[in-house]
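Asker: This is the structure, below, for whatever I ask next.
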Amino acid sequence: MSKKRLYEIAKELGKESKEVVARAKELGLDVKSHSSSVEEAVAAKIAASFKPAAAPKVEAKPAAPKVSAEKKAEKSEPAKPAVAKEEAKPAAPKASAEKKAEKSEPVKPAVAKEEAKPAEPVTPKTEKVAAKPQSRNFKAEREARAKEQAERRKQNKGNNRDQQQNGNRQKNDGRNGGKQGQSNRDNRRFNDQAKKQQGQQKRRNERRQQEDKRSNQAAPRIDFKARAAALKAEQNAEYARSSEERFKQYQAAKEALAQANKRKEPEEIFEEAAKLAEQAQQVQAVVEVVPEKKEPAVDTRRKKQARPDKNRDDYDHEEDGPRKQQKNRSSQNQVRNQKNSNWNNNKKNKKGNNKNNRNQTPKPVTERKFHELPTEFEYTDGMTVAEIAKRIKREPAEIVKKLFMMGVMATQNQSLDGETIELLMVDYGIEAKQKVEVDNADIERFFVEDGYLNEDELVERPPVVTIMGHVDHGKTTLLDTLRNSRVATGEAGGITQHIGAYQIVENGKKITFLDTPGHAAFTSMRARGASVTDITILVVAADDGVMPQTIEAINHSKAANVPIIVAINKIDKPGANPERVIGELAEHGVMSTAWGGDSEFVEISAKFNQNIEELLETVLLVAEIQELKADPTVRAIGTVIEARLDKGKGAVATLLVQQGTLNVQDPIVVGNTFGRVRAMTNDLGRRVKVAGPSTPVSITGLNEAPMAGDHFAVYEDEKSARAAGEERAKRALMKQRQATQRVSLENLFDTLKAGELKSVNVIIKADVQGSVEALSASLQKIDVEGVKVTIVHSAVGAINESDVTLAEASNAFIVGFNVRPTPQARQQAEADDVEIRLHSIIYKVIEEMEEAMKGMLDPEFEEKVIGEAVIRETFKVSKVGTIGGFMVINGKVARDSKVRVIRDGVVIYDGELASLKHYKDDVKEVTNGREGGLMIDGYNDIKMDDVIEAYVMEEIKR
């Protein structure tokens, strides 16, 4: 017994599968979905349950063409009243009742309606309605035409599909027939596929028939005009009700205001009236406001399908799954065609769309402000056109144009020289001034500038005194006596820390002493260009007299142009002879004031503290004569006395303030270092915050330890101090990398020619005093072209470290006569690049000095022809050049001589020889009457009978 599936039963009955499934469940059948299968008897039972609502298929078939004929007749007739269609329908007592019946009754097949139409009589009410003329329903006509076209396309498509299936079947039959050895299994597979395709085709046809039935069912008509009229009437009624309520509220407010005015006192009436008036205004504003129109209810019903012949769920039951949604372009076009559509606004508002911008008024152009030209312009070399334009407030293009008219091609980023800038300013009528560049890293300018110190603020400052002399002559004892006397005067603490300098007070005035090894430290500072000493105390022992180091100290003081006070020490000894010391010093240029000189002499005994007060008074007297002044109001400048590295404090420097006032936290540049004064201590080891002129202090806070003799200066801020310190360190490094060329006898002429020297500085050391005097007198007599020999220092004894230091400071060389330098001096001379000349014959020293001084004059050379030769044959050698075979006819041809090539009495070439040979041997010269071969450097055009003239350049001796 065969079975049927529920969806097949639904197709036969023309019902939806879910209705059949629901009816089967009502009948008590155990079914799960439309794919469930039932027996034929059960299927007949389910079909019988639908019989009262379903029309028989046999009666529907002959009625279908009749309906189409009637529709065609309706289309062909001219616009009839719409009631004519209703005559064919079953009569109803009223039109509204008819609409309700259509809504309430379930949708029946169209065939049943078609059969019922001719059977129903026309009632008199319908005739009454037909008398009213109605407009033609164009929408219904369009739908009818669309249905007919869909039916025709469907029939054509079905025919084409049948033909295609027949062709495919024949093709498959032919293919299978060609295979003789095909098995039964393949035949069964083919048959199954064919059956499957037939079943799919059958289901498609059934779906199409079902769609046709649904489309033929008449949809209930909706009168949109009546709906709109009813909605509008409802809105008007709502507006009238709201207006009436607001009007009543307004009247009630007015009545309440009137009653309140009658009840209340005059003072209260005014306040209450204001409140009620405000309420009345609010109510009036509400009355005047137009009520918002209610938007019509949105029709949420499903829109009618664009293609009635195509079901949305057509492909849901296929094997490939549901079909993807296609983009509906018709809806996009509908949006574009709407009146208030905004789809193209972005395109219209694009920047380059000229159609939009045609009617727009152009924005007014902002006028440039006119700037007057400045009267003065301060410029620097290398300024660009853009910088000049910004300074004078003009466009760079304008300046470029002016430069072009002046014949200068320039761009706005091109640098201009000072002359061009001045010409440009003349064209504009502006006075141009060149800006004076100030080197911020140059500390020396503070020491030489006249405008740095304020003349009105100058005050007297303490003198700075350096004690010099031979070590055994009592220098150390004198320093100790001065210190002990200071402690004895009651200054508590004494000198607890050695910082290189200290101060004492005499008669209410301060004196600063530098506690340094006299001449050595003095010369080191002199070599660095530092001169901090105001007065020199030269200590000479009365029993020993003038010693070599005493003479050196005298020369150092004279080189620094510092006044000398002679302290004749050890006068308490039995063998003391001060008069002899005065005479010996007079021989070396130190004359006493009693003898008509300018040096003060004081006889003291440092051991027994004798005449120490007189020595200090003499120092103050000399300082008063010098009129030592300083300005304490400016930023501090001075010199480094000594420096060291401390484990706990870092770099510690002892400074001597020469001008201005040094404060704690001042940004400072010391030599090639920089920093900020973090802490400051005086010579007693006490912390101070301020240090005036001629005050020695020890400071911390530097990034590195400076060199003794370096200058220091206080800057405005730490930023400028850092920049100056870094720039000075950079310059020092570059200077160190460059080879420093010292003066020697060979390059003396070049140095003098460059204008670096105006005299020759010499230090003379000899074995005996007579040799020193003779050599000094002989050298000073040499006078060539105004060049003078300056004897910086002359003494008896070996060449020591002090001599090398003095030579390095004075840029001099040392002449040693019958003496030798010590190992330490030789090592220092090599390190400082100081030249030492050693001689044993005096006239050779004089000749060497004369030759060095004559070298200052421009050398004169004279040409001297040494020989002539004639070219007899030429040989051209590849990769070598032309070789000329020659014979010397006069004199000789030397390898180091220059040659001229003379042809027909005309000099063709002048140059040097590349090679000279006699046969195959290289020779230095070829003499008269001999033959040889030569090559000229850089010249190969040698020909026969050319004359080769050999010559040399000889310097004319003076």
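Every residue, even glycine, has its Cβ placed from backbone N, Cα and C.
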Asker: Tell me which range among 29-36, 469-476, 917-924 Swiss-Prot lists as region 'G1'.
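Answerer: Here Swiss-Prot associates region 'G1' with the stretch 469-476.
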Asker: Tell me, what is the mean pLDDT of the region 'G4' (569-572)?
Answerer: 87
Asker: Only counting partners 6 or more residues apart, tell me which same-chain residues put their Cβ under 8 Å from the Cβ of D472 (GTP binding site).
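Answerer: For D472 (GTP binding site), the qualifying residues are A541, D544.
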Asker: Taking the Cβ of I571 (GTP binding site) as reference, which residues of that chain separated by at least 6 in sequence fall under 8 Å from it?
Answerer: A542, P578, E603, I604, S605, Q610
Asker: In three-state terms from DSSP, label G469 (GTP binding site) for me.
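Answerer: The three-state answer is strand.
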Asker: Around the Cβ of G469 (GTP binding site), how many other Cβ atoms lie within 10 Å? Please give the count over every shown protein chain.
Answerer: 26
Asker: Per DSSP, what is the residue tally for the region 'G4' (569-572) in helix, strand and coil?
Answerer: 0 helix, 1 strand, 3 coil
